[in-house]
Amino acid sequence: MLTPTPISADPAAGHGPFETARLAAAQLTEALGRNDHRLAVWLGSGWQRAVDRLGVTATVSTADLAGFHRSGAMGHGSDVHSVRIETPDGIGVQALVFTGRTHLYEGLGPAAVAHGVRTAAAAGCRVVVLTNAAGCMREGWGVGRPALVTDQLNLTGASPLTGPLPPPPNDSRHVDLTDAYHPRLRDLARNAAPDLPEGVYAGFHGPEFETPAEIVAARRLGADLVGQSMVLETIAARQVGLEVLGISLITNAAAGLGGKLSAQEVVDVAHAAAPELAVLLADVLAALAAHHDLWQDPPS
Ligand SMILES: O=P(O)(O)O[C@@H]1C[C@H](O)[C@@H](CO)O1
Ligand SMILES: Nc1nc2[nH]cnc2c(=O)[nH]1
């Protein structure tokens, strides 16, 4: 099997990751027929039915967009929906909902993992909501329950900031990750769903699940949740100034704390939680959309 060419070294495209993102953004806005998307959402493994309560106005396949790759992950799709989030004042916010993502374990490189977020930023988005399926190390948080992410541990050994600098004004590699998961977005999400637990997400490279010893170590490092996505997307989002809200669906007790792990079980638990996830996502997006400060142009 041919090893996929990492996106940042794709001579055929002749572009760096940020140029490829700008090209994909132009293709995306043309295909969806509008350029007013200000919020982007990624659906994690098995989350696809979470769009059921959203007003989808158009859909395009990422296969038609520069730099995207058909998701190689179970429980992931390859579509991008354009969704209208209504607000009480009637102004509303237009959102992009990506039904799948590229994972680091697919071997396409960290820039490929960050490509979707960079494309959303190039399309004009200001806020990104990253959802995923995760294991849990906390007693009593309950399988099948969502949790808000307060911070992350990047245990992948990789960074999306490796490689070429982005164009100004975000041309810094040394990105501050304090409040990477912005407290005001969590406050808004909590208003919409007050009883969600909150915790630290540890991102592993994957695709294998962790050993029990790795889970003990991650717990000692302060992790409450464990998965194999999100952390590189969040770093890339912060580099280009996007605010990030992270939501994990707890699909299993982390390795060693429950039974054997399986990707099918992860997807099955997410599918069973679809009605609750659809309500949660609709309520959280409505709460974000109604918060005008998020969508105003920064003072010149
Ligand atoms: O995109 P997420 O983090 O939800 O997907 C995780 C990683 C694997 O694709 C799968 C493991 O079961 O879930
Ligand atoms: N790495 C990892 N990914 C997951 N996705 C869903 N659950 C898990 C888990 O326990 N570990």
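Yeah, the Cβs are placed from backbone N, Cα and C, and that goes for glycine too.
Record check: TrEMBL places S45, H76, R101, T102, H103, A133 at the phosphate site, and the matching candidate among S229, S262 is S229. Of the chain residues outside the phosphate site list S45, H76, R101, T102, H103, A133, S229, W42, G44, S71, A73, G75, G100, N132, Q228 have their Cβ within 8 Å of the site's Cβ mean position. Sorted by the number of other CB atoms within 10 A, the binding-site residues S229, N252 start with N252, the lowest.
Less than 6 Å separates the Cβ from ligand 1 in the case of S45, A133, S229, drawn from the binding-site residues S45, T102, A133, E210, S229, N252 in sequence order.
In this model, the domain 'Nucleoside phosphorylase' (92-285) carries an average pLDDT of 95.
It is 13 Å from the Cα atom of S45 (phosphate binding site) to that of N252 (purine D-ribonucleoside binding site).
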